[in-house]
Amino acid sequence: MNTGITIRIVSIQYFVIGIFNITGVFLGRTTLTFTMMEMGIKEDQEVAVITVIREERTIDSIFTASVAILVSILYINFGCAIDWNVCRNTLRRPIGPAIGFFCQFLIMPLLSFLIGYLLFPDRPELQIGMFFTGISPSGGASNMWTLLLDGNLNLSITMTTICTIAAFGMMPFWVFTLGRYIFAQGKIAVPYQHIGTFVIGLIIPLAIGFIIQKKFPRVSKILVRIMKPFSVILIIFIIIFAIMTNLYIFKLFTWKIIIAGMGLPWLGFTFGFIIAYICKQSQADVRAIAIETGIQNTGVAIFLLRFTLKPPVDDLTTVVPVSAAMMTPVPLIILFIIKLIYKYKQKKTAKETLQSAPSLEKLQQTTNVSTQLNESKSFDRAE
């Protein structure tokens with residue numbers, strides 16, 4: 001897209017006005033500096049900020065609205081699914097939930113900040129995408145993966161509940177503290193009002209779900225049944241729709257983006273595992289804590305970025321949570337395949353043992369008959 005820029009530079013003796021065209025090649029923001037020099041002395045200078053954004057399309061509005069609706073429905077379902085009895089029983093031994101809280105709200109935000117700073121030192125918009133992914137805890141698939149990998153499901157549900165509720169306070173806390181450094185570095189205004197609206201917008205559906213649980217238990221049970229598959233569908237929908245409506249994302253995929261997408265969740269799994277192991281948790285609890293730590297709510301992160309930031313920053317930042325969403329399940333799928341292979345071998349061994357059992361039984365019967373014959377012969381001789 002071409003656009004005209006007018007530059008006006010004034011000195012004591014000269015007055016210069018220039019008009020020229022700039023062609024936007026790709027999304028982003030840069031600056032052009034114009035300086036008037038006379039006899040090696042700077043007379044005047046003007047800086048023009050150049051911003052390249054996408055044209056507003058109907059499909060973008062549909063995507064943002066559909067994600068907002070689906071996330072709201074998910075939080076209504078989550079409000080219905082909160083089992084306070086399970087949480088209460090799990091909290092009687094609060095070591096596991098405390099470890100999960102520590103990993104989610106201290107390790108992951110700091111880790112995302114550090115990864116963003118090391119991989120994208122000159123790209124504050126990508127640092128923001130990385131940081132927002134790190135402060136969006138409790139991915140909807142964490143309970144599903146905990147169940148598939150034989151973790152403590154009750155602990156996982158409790159940690160998801162605690163982290164989801166705590167996120168309403170902890171997400172703004174991190175944005176307004178450590179996040180301010182990234183926004184200042186990129187000369188981007190901190191969207192205080194939008195973040196506040198976003199938090200309130202998630203509290204309302206969560207409260208609606210809790211009211212449905214108390215007032216309409218039958219409806220609540222139906223919503224709870226569809227929550228897990230709906231969570232998976234939501235994540236898949238957001239990723240696919242985000243890619244379809246924003247094919248430019250693939251142009252942004254570099255080796256650094258891929259490493260960032262792998263680094264945050266995979267290091268989250270590792271730190272969660274190590275900390276839980278050091279604290280002498282059971283194997284099931286270690287799995288639950290590791291999975292809960294590594295899986296971030298990338299859907300909420302994408303929604304938060306698109307809702308709170310302005311073009312082109314919102315478009316550029318989306319690539320990081322999309323990368324994280326794509327890379328997160330890779331080690332979990334590998335572990336699940338290893339588990340299936342191990343169980344298959346166990347069943348095969350057990351089947352072979354059962355098949356060999358009749359032969360052993362026949363051998364035992366033959367031995368018994370031989371013993372009886374020997375005893376009979378001995379008895380005859382004695383007579």
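Residue 1 is the first one shown; counting continues down the chain.
Including glycine, each Cβ sits where the backbone N, Cα and C put it.
Those TrEMBL annotations? Automatic predictions, nothing curated.
Residues or ranges marked as transmembrane segment in TrEMBL: 12-32 (among others).
What TrEMBL lists as transmembrane segment is 62-86 (among others).
Look at TrEMBL and you will find 98-120 (among others) tagged as transmembrane segment. Remote same-chain partners of the transmembrane segment (98-120), defined as residues 6 or more beyond its termini with a Cβ less than 8 Å from a stretch Cβ, comprise 126-131, 133-135, 137-138, 155, 159, 162-163, 166, 170, 174, 178, 182, 256, 259-260, 263-264, 267-268, 271-272, 275-276, 279, 281, 288-289, 292-293, 296.
The transmembrane segment annotation in TrEMBL covers 161-183 (among others). Panel annotation: around the transmembrane segment (161-183), residues 78, 82, 87, 97, 100-101, 104-105, 109-110, 113, 116, 124, 127-128, 131-132, 135-138, 189-190, 192, 195-196, 199, 202-203, 206, 292, 304 of the same chain, lying at least six beyond its termini, place a Cβ under 8 Å from a Cβ of the stretch.
Here the transmembrane segment (195-212) has Cβ contacts under 8 Å with residues 68, 71-73, 75-82, 164-165, 168, 171-172, 175, 219-220, 223, 300, 303-304, 307-308 of the same chain, all six or more residues outside its ends. Residues or ranges marked as transmembrane segment by TrEMBL: 195-212 (among others).
Positions annotated as transmembrane segment by TrEMBL: 232-251 (among others).
The transmembrane segment annotation in TrEMBL covers 257-279 (among others).
For the transmembrane segment (286-307), same-chain residues at least 6 beyond its ends with a Cβ under 8 Å from one of its own Cβ atoms are 64, 67-68, 71, 74, 96, 99-100, 103-104, 107-108, 128-129, 132-134, 136-142, 145-146, 149-153, 155-156, 159-160, 163, 171, 194-195, 197-198, 202, 234-235, 238-239, 242, 264-273, 275-277, 314, 317-318, 321-322, 324-325, 328, 332. Here TrEMBL flags 286-307 (among others) as transmembrane segment.
Same-chain residues lying 6+ beyond the ends of the transmembrane segment (319-342) with a Cβ under 8 Å from its Cβ atoms: 126, 129-130, 132-133, 136, 139, 141, 145, 148-150, 235, 238-239, 242-243, 249, 252-253, 257-258, 260-262, 264-266, 269, 291, 294-296, 298-299, 301-302, 305. The transmembrane segment annotation in TrEMBL covers 319-342 (among others).
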*Go through the chain and flag residues at least 6 beyond the ends of the transmembrane segment (62-86) whose CB is under 8 A from any CB in it; none is fine as an answer.*
140, 154, 157-158, 161, 164, 201-202, 204-213, 219-220, 223-224, 226-227, 230-231, 234, 237-238, 241-242, 245, 299-300, 302-303, 306-307
